[in-house]
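Sequence annotations record features per position, and here TrEMBL assigns domain 'Potassium channel' to 147-223. According to TrEMBL, the feature transmembrane segment maps to 15-36, 51-71, 83-103, 109-132, 139-160, 201-222.
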């Protein structure tokens, strides 16, 4: 852990670490803003302050993309592997509001979550740096993404379903629906909107993907435990042999001294 943290403050990785930490903080601020607006029922385009904040955050994401592009050794490869992060950094809501375009409530609300994809990637990178074990890094990263997806899906489900679905009376119902779907158990709440049905399939798919990753993680823990146990017994056996050898040497020395 100490070695991993030192990478953030020294060398080239330290520059990337600082950038990703800033992205995580900004993404967290977006999550809080979206949650507050959702629970208060504030319309999407009525809060100009939020739109300005989102624009600034998206501009920072674009700056981060350009900076990492110039820092990359293989710029063509960087563009191929990171082009999606350029797309998610575009402030779509601000562009739509500026030109006065009109979309459905579903699309308008879901566009809010697009910049958070960049924060999710930054989170995966930071977890990978702090966790040198590949299986643990994969498990922690995927579990974090899974919980984030469950939360965002429950927010979207609540906004889109609570007016048309009689079974969704509050956010608690939406959160219960999300957790039941991701565990593949299923909920008694059936989605009425197209987006709600798509989210149901997405959460079930993510939940099924969690089982093999969890199995790999548990298997890795068992292998590490067996390895440490084997190493312990081997060291104990070596110490026992060394002790016996020392005792034999002492006895031989005593016998030699007595005969002389």
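Using N, Cα and C of the backbone, Cβ positions are placed for all residues, glycine too.
Note that the structure is predicted; figures quoted are calculated from it, not measured.
Sequence-remote contacts of a segment are chain residues at least 6 beyond its ends whose Cβ falls under 8 Å from one of its Cβ atoms, and for the transmembrane segment (51-71) they are 12, 15-16, 19, 22-23, 26-27, 29-30, 33, 45, 78-79, 82, 85-86, 88-91, 93-94, 97, 112, 115, 118. Using DSSP to sort the residues of the domain 'Potassium channel' (147-223) gives these counts of helix, strand and coil: 57 helix, 0 strand, 20 coil. For the domain 'Potassium channel' (147-223), the mean pLDDT of the prediction comes to 84. Sequence-distant neighbours of the transmembrane segment (201-222) (same chain, 6+ residues past either end, Cβ-Cβ under 8 Å): 133, 135-136, 138-139, 142-143, 146, 149-150, 153, 178, 181-184.
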